[in-house]
Amino acid sequence: MSNTVTRIRLAGVVIAAAASTAGLAACSSPTPSGDASAAAPAAACEPAKGNVTLQYWNTVPGMDQVVALWNKNNPNIQVEMKNISTDQYGIIGNALKAGKAPELAQVGYDQLPSLRTQDAFVDASACADAVAAKSKFVPWTWSQSSFGDTGVFAFPQDTGPMALFVRSDIFKKHNLEVPKTWDEYAADAQKLHDADPNLSITFFDPNNAEFFNGLLWQNNAKMYGYSGDKWHVTVESDQSKQVAEYWQKLIDAKLVRTDLAHGSTPMYAAYQKNQIASYIGAAWGYSMFRDNLPDQSGKWSIVPMPTWGSSAASGDWGGSTVAFMKGNTHLYESVKFNSWLNSDPEALAMENKLGGLYPAATAGLELPALSEGVPYYNNEKIFDVFAESSKNIDTSFAWGPTQKTVNLALQDALAKAAAGDGKLTDAISAAQASALKSMQDLAIPAVAGN
Amino acid sequence: MSNQTPTRESRVSRTAAMALMFLLAIYFLLPLYFLIVAATKPQGDLASTFGLTFSHFDLFKNLDTLFSRSDGIFGRWALNSVIYAVLGAAVGTLISALCGYALAKFKFRGREFLFSVILGGVLVPTTALALPLFLLFSATGIVNTYLAVFLPSIVSPFGVYLARIFTAAAVPEEILESARLDGAGEFRTFFSVALKLLTPSLVTIFLFQFVGIWNNFFLPMVMLQKESLFPITLGLYQWNGQTARAPLLQESVITGSLVSIVPVIILFILLQRFWRTGLASGSIK
């Protein structure tokens, strides 16, 4: 499966490269992200004279209905949307190189720097509304989509603040309190395993770099920084090693399973058979359990992530922005639509209901649907936990300009370590090396360390 | 004694052959059986119940969800698949028949060379052609239209090859001669005489083409961006990519997969008698 996907992506890349004569030229002169002076100058923000039609590409289920609502109320600014979930970044990449990018496109937070390196965005900061939108969003999301306030390149759409999903009945049965720190979590893992050798506290999917990055983020591991015209790569740090060593210990003691792929049928089957007592997940994961394991209704609780120290800290797993794409000549209208799309309560409620989006807008966190108890989770107000988690996410975390390559290198090494070949800390070193190498290959100036 | 030995042997070997075929049948039908079972389950039972036994029978509810999702987009995809596959296979078969007939019945310079080139075309996987075709089509501006999928679908080197072999076997020179003597032109000869004799073999070519286009995934994925032009394969793939956010889509992907193989099965059942006639007419000779 993952092989096929990679092959298809590869083909997409080949097509992208070949489809454009300018492809090579575009690649050879990367603009390092984070450098305000190198970014394209902010385009003018004038309302258009007549009617405008905007293109908006995304991967969100049910987004067509949200767009239809906008179109009904805004005859002068019509939006045409396209679902690009077949090959999100391949399709965006093709369009960019062919000079046919849409006005707006969905881009994940971790892919923003890499696309900016390819000069994919326009700065909308000439629009006063765009700059003022800062106050509408959860701080870290704004920090990432504005690259530390160097412009307005995207509006945050949704996030995946992390939390711990707990089978409270299993914990109760074994007389365990819900763990508050990672140390308690490890101790509970041992106790559960001692009580029942078939029971694991959770699983560790080595082929999921995004999940692992979320864990690193929670421990304030800063992976990238940009200053003095170059990138500072600190993927390998005391914080990241601490996370790796922690999970290595659990794996060595066989307290967590490493044979389950996230979201796979075997994973759900293991939960169904009561073999796993908790799940470290993100806000969008609540529907996975509700819809795939209806029999376990009432047995789950959602609590804050276990912490490393005494103070609350959380990480983010997933989430996207809606970016202003290169060649956008209707910034005024784009900002209007983008702002409505990602901060209007009615739009946010629809996106949450149809697409499962957990809003990045602070107003969204107070949606009626997100302040009610959820029947599957014992009528607990689970979204309060995610809202709290959202506030505890480190705002200074940044992604690298070659994140996809680094993620692949990280996964390869994590999978090896999980199979007993090497340690998780080696995976951290591999990711560090891959980050430096991949940037070097693209002639992006980068150094190791601060 | 000497009479019994061969019958006993043949009974043993027949039993062995039957047993082997029985095993193979199970092997081939198992995924289909799984698909049928899975399509009747609610999403919650997919992971939590054993894959090969029925649980709740929710097939009709699943079908209803499938066809009503996103304003019935699945129906649109199904229609697109039918258009691509039926039209593509029909036109493709006609072209193959014309080419194969010409190669088999007319002697002209370079005939064998041409045939070798076409045979070479059989060796090139269609997936490898998707990229050059995309570049050609994007230069002509027909990317993201029905034509982008339809035009490549009507070309089939393997069909031409089959048509030539079949024509050589099924259309005797004498009949063509007499048709010409009766004053029929070349096209008349082809359409009124040769085509009738070729029908069983053309059904074979049609089926090959139909199944090929119906299952084609890569070409539409490269060519199409507009959801309303997608065939079923691509549509289901798109849904499958969204299951992390919308878990209930998974059941629709499974039910949709079941629905998508039904037309192919029906077509095979309807057209298999032509196949039999083809085999039988061969045996008389």
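Cβ atoms are placed via backbone N, Cα and C, with glycine included.
According to TrEMBL, the transmembrane segment annotation covers B:12-36 (among others). When Cβ-Cβ distances below 8 Å are used as the criterion, the transmembrane segment (B:12-36) is approached by residues 51-52, 254, 257-258, 261 of the same chain, each at least six residues removed from its ends.
If you look up TrEMBL, you'll see B:78-271 marked as domain 'ABC transmembrane type-1'.
Positions annotated as transmembrane segment by TrEMBL: B:82-104 (among others). Long-range neighbours of the transmembrane segment (B:82-104) within the same chain, counting only residues 6 or more positions beyond its ends whose Cβ lies under 8 Å from a Cβ of the stretch, are 111, 114-115, 118, 146, 149-150, 153-156, 159-168, 171, 190, 194-195, 198, 202, 205-207, 209-210, 213-214, 216, 220, 231, 263.
According to TrEMBL, the feature transmembrane segment maps to B:113-137 (among others). For the transmembrane segment (B:113-137), same-chain residues at least 6 beyond its ends with a Cβ under 8 Å from one of its own Cβ atoms are 99, 103, 143, 148, 152, 157-158, 160-161, 164, 212, 216, 218-219, 222-223.
Annotated transmembrane segment per TrEMBL: B:149-172 (among others), in sequence order.
Sequence annotations record features per position, and here TrEMBL assigns transmembrane segment to B:193-214 (among others).
Annotation comment: TrEMBL describes B:253-271 (among others) as transmembrane segment.
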